[in-house]
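J.: Annotations for this protein, taken from TrEMBL, read as follows:
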| type | residues | note |
| --- | --- | --- |
| TRANSMEM | A:6-29 | transmembrane segment |
| TRANSMEM | A:36-53 | transmembrane segment |
| TRANSMEM | A:59-81 | transmembrane segment |
| TRANSMEM | A:102-123 | transmembrane segment |
| TRANSMEM | A:143-165 | transmembrane segment |
Amino acid sequence: MDLPGSIHDFLLVSLGLVLILGGLGVVLLTNPIYSAFSLGLVLVCISLFYILSNSHFVAAAQLLIYVGAINVLILFAVMFMNGSEYSNDWNLWTVGDGITSLICTSIFISLITIISDTSWYAIIWTTRTNQILEQDLTSNADFFLPFEFISIILLVALIGAIAVARQ
Amino acid sequence: MLEHVLVLSAYLFSIGIYGLVTSRNMVRALMCLELLLNAVNINFITFSDFFDNRQLKGNIFSIFVIAIAAAEAAIGLAIVSSIYRNRKSTRINQSNLLNK
C-alpha cells in the first residue's frame, strides 16, 4: 500500500508483535481451544500483513480459506475431541522438549545469520529491468497446468476426507 | 525492511517446527503445520512484493500453497476424527496402529 513511511512501519511493527505473541500462544497454551483461537488471530494478522504488501487477492483468499474454512474445521475438531485432555498436567517438560527447543533455536539463529548476510539490494538492482505488464492467474501461461491440478486435488481430497470421516 | 519480514517468517517457521515436534495432541500438531505453511507464504508474498512487482509469480504460487494446505487440513482432520472414534484418545504416542 502507498502509505506514509512512518504509518507503514508502525503497522508492520504492531502486526509483527501480535504475530509473535500469537505464535507463542498456539504452541504454549494448554487449553486447545485457546490455541485454536490464537491460530485464528495469527491468520487474520497475516492477512492484514498481505494487504500492507500490495497483495490484495492473496489477502482475501487467506481470509476466506484459512480463517473461514481451515480455522473453523480446526475449531470443530477441537470441540469434538476434548474430553480427556484436560487432566494432563503440563509440568511434563521432557528431555525431548529441551532438545527440540535447542534445535529450533539453532535453526532460527542460522536463518537470521543467512538473512543478514545476503545482499538483497544487489538482487533488487538486477531484477529491476525484467518487469513487464501486470498479469494474473489466468493470463500467465506458466500457471495453466498447476491451476487445473489444484482443482482436481481439491476435489479428490475433499471426497476422500468425507469418505474417511463418515460413520 | 525486507530482512525484518524474513526474520518474522523465520521465527514463525521455527515456532511451528517446535510445536509440531513437541505437541501431544494431534489437532495441535495440525495447527502448527498451518503455522509452518503460513510462514512460507509470508516469504513468497514478501519476495513477490520486493522483486516481482509486475508479474506477481510469488503471489500466484502462494495461492497454490493455500489451496494445498486446505486439502491437507481437511484430510488430516478426517483421519484424526476417525482415530478418535476408534481409540477415544488423541495422544500422538498412541498412534501405532500400523505397528502390529
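Our numbering is plain: 1 for the first residue shown, then up by one each step along the chain.
Using the three backbone atoms N, Cα and C, a Cβ is placed for every residue, glycine included.
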J.: Going through A:36-53, A:59-81, A:143-165 one by one, which has the most CB pairs that fall under 8 Å from the transmembrane segment (A:6-29)?
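T.: Result: A:36-53.
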J.: With a Cβ cut-off under 8 Å, give me the same-chain residues at least six positions beyond the ends of the transmembrane segment (A:36-53) that come close to it.
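T.: Tertiary neighbours of the transmembrane segment (A:36-53) are 1, 3, 8, 11-12, 15, 18-19, 22-23, 25-26, 29, 59, 62-63, 66-67, 70-71, 74-75, 78.
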